[in-house]
């Protein structure tokens, strides 16, 4: 032991005493009051930092309370002290925690997308409020508590991820080819834990002051490279990264440390594998993501430290601990990650210049959402050295501190800048600190003249004169040596910031949300009402929660602590005691964990008080999550009076205990119990010492559920007093169960005994194993109670019975019974449809039915009225139309001959001149001899020679069948209405497949029911299958010339009576252009087109089912990234946006069509696209320029519709009939869906509430509904065009990108599944999915109908192939 006058050398530095201290233990030389300097002759002088008191050193060194500094392991002292002295420089590689084979590290297999086996931890850790027993390490700079999906599912995406993530540098990394190593291990050695806790306490000098980790997990990425696609012309990159992540934890809490040594980050991002030839590099992401869970409020929570190049670039130089390159985070909490630096450490990473908010981040003042970013705001902190213990503070920082915290000796105020405003505002915004920042003084020399100077100043003390406004109007303010506090006046009680009148009646209002498993049922509820009524004069508290669905409401009856919080808050105070409100005021957070016995069900409750509102109403939010025992109906719960011991500190209150309750059903009753642990955190006055312990006595407690009003009620009467039998009030004996010093290993629970004695008890479903517990496999040991037709599944602490396929749980919750097949309401006659001659009933397969009116009738299927076809004048002008139920007929007037659709002047041909078919058609009431193939009222169809057409269809019922040459029905060929007609007739044998002309001709004949009217167009084909040069509209006399592809030659259309000279030489050469080898023309019928990177895919539909076997690539576009896609039904053209080439292009669907770029300039990131086939216009969104534009379909007449109030415009849809335009803006701060006319008039917001990332948007021209798919809320919703009638279709999408509507289905592309997903419009159920063999992100999707949806609904829509022929 050295004398005080001696100097000692620590790693090349002299440590010399400045003055002697009194009142300290002489046996240990403290480092308090020592200055650090480099000895003369040992190189350039360094900045001198004088540590003014021992608590400062203790804040960064792992010194347990009461242990002198010299008692700390010298290795930890040297490592952390050297890091502290490196302020203003950077962390060196020796500053990393020891790693490598010499420390027993495992090495991750080299490769591009590798992951380690799950490493079973010696002790469970708490991560994001959940217990984890295994950790996985991935190549791509991530750690998780579960195995990783394929890297394409997360490596290029922003936060949040689908699985829990700790990401020190999430990017597409690659260690193949001897490019670096990845090491990992778990460690409990003293030197490692001491170094880790030193870093943690540097970032959390107060809240982590007593944190003692028992284990650490260390993962190190050493000299790893970025994934690179190598070719003959490229050389491997020499840029390599080194970084480390450390998870330090004990049974109660967890912290994470990210370490970035100097020169360790040589590259800041990686190029996506799907970027093709686009020069794009995605920055790495640093932060945390909760992953998807059972709690809908926690889905997608994340915390982002850095996701831009500016933020990543300074990770080595900046810090939130005061040690450059070292970043610490508290990750054990359930609601948010808490970064270091909020208690007096250095600021977070600055980022300048400001950038658009990252889609994965949001402002930090909303910790419950946890979409936080600590490095997304500009700062000038990098202009000066970072000083340990100083947080640059502006006016906001001062307003958010409740009280100043004194230093160790209670006499030194905090450091204050001499130049206010040097740091404009906060470096980061944070939730109000749980603990006030510590007060640390500095003596600083050798600073740059441009650096802000900090020194001790008595004027820095916050006083009542400055801040009395923070106190309640019913409080007075008291100045202390280093700050001030507020105290309620007489006849009021509270913590000084909020005061309530004594003995008055108080009210509390709040919202309750939860995700519970009750027996086998899962129940979720959101923002149901909570009201509490407090009678302060006698400590009574009445709580009512309404709207909790069954069976959860009944199962929550024993959970009295939900209402017990209010009993403690407003308990009647005995002399010398204080109730909860007197200590916490109206701003606190209660965390409660309850374990039920004998089942071992565990539930967590979080109640957050958010201050006093109008009329002194306390506002509260409650969240309940976990599992509770099932309680049958008609039971009551009785709770016996109890006493509860509360332990207090300056910022937390804790209690634990065991309660019994009696479940009564008639004359039978059963006594059960549960164990609870709770803590209440708040920001208290440091100058007022709360009582060490108090006892809450509950004399009466009731819980009941009102089934008529659906209200859960709790009532308690309580008083608070001193802890009975307390021998030493000043130094009470604290049970190891309460202060966390016990050795019980989860899931064992610490049970307090006498004094400091305790036992470790295992919950039901576990067996003791040392200080911990081992799960009992009830299934393997035959201890389950699963009945027949069920499967036993072991779960930690319990088991679960699941029914086999085809069975469902019985009413007793134990046995399984066969599923009863749903009855067919159509067959049983249990449907509301109109009579069968006007409507048909369609069974949906789930016991429900849909009604549809038959052709010729209109209505909703329940009420169908006849359509008067004659009102549209379908007959020839020289004919008379006769309307009949469900149909009509046309007859030529006297003196005219014909079928009524085409009449010519002259004598009626004699009967002898008519063929049998013509005779039956002319005189439909007569029926040909033999078995009638036609049915009642059928008018047969004849060909040009008067013969029966092979295909016959009933004009009213919709039935179709084949006939022979005599018109007799061929057995077995009849098809039902609405299905594909049969193929009839024997086509001439040919070696070649049908040509385009022949396919169109056959398609149109089928569409016309086999019998086109005289004025309807049918293509004319020559024997070789080509279009004949002359085409005419039936016998109307209108004719025109066509090219060989069938397109009309402009200027050749003639009037009746003249025929245009269409010579074969007019048509193009007989040699057709060869189709592109990468283009496969689609067949007829409805199909989907989807964008997938460099290609456009084709997916046919069979009805509404996805015909996956027919899927193929329609168009390959090398070097493109196709995002938006739409179809022009009139010209059979597809249009798309290309964000790689920054262009908009189109191509026809005919063989030989080549892509044509129509817009190639003035675009930055064109995404959404919509085609107006009536106005021949094109609309698109540009998220880079924040614009919405329109142009003609050839790219001409381009103009900007909107370029203001847009942040991230994505999807766009058009209603051509009404002339309305709709688009989404997925601005994370204020997402919305807007509308205007197609000309840009009458712009307004349609939807702006309860949406997150509205990626996909579609307008259904048939239902007239606007529908969207939201990747943030995971909802698929619809509304009317005016914003009314909003309806939720599906609430559990994955990550939709684009959506389209067809018939009774939605089809959307999904980035999590990398496929096309089908959703039923009526039921919201997922009915089908298509996953392309080549897995990559799918973008836009559109449907190609066999007709154009127009302004008028046609009874027989014309196929899309012929809209251009008809001039529509």
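Cβ coordinates come from backbone N, Cα and C, glycine included.
Between the stretches 972-995, 996-1019, 1020-1043, TrEMBL puts its region 'Disordered' entry on 972-995. Among the ranges 242-272, 273-303, 397-427, the one that TrEMBL lists as region 'Disordered' is 397-427. Given the ranges 178-229, 334-385, 438-489, the record in TrEMBL names 334-385 as region 'Disordered'.
Per-stretch counts of Cβ pairs under 8 Å to the domain 'Nidogen G2 beta-barrel' (504-730) identify 168-334 as the leading one among 168-334, 822-865, 994-1062. Geometry remark: residue 953 (disulfide bond) versus residue 1032 (disulfide bond), CA distance 25 Å. Residue 1032 (disulfide bond) sits 28 Å from residue 960 (disulfide bond), taking the C-alpha atoms as the reference points.
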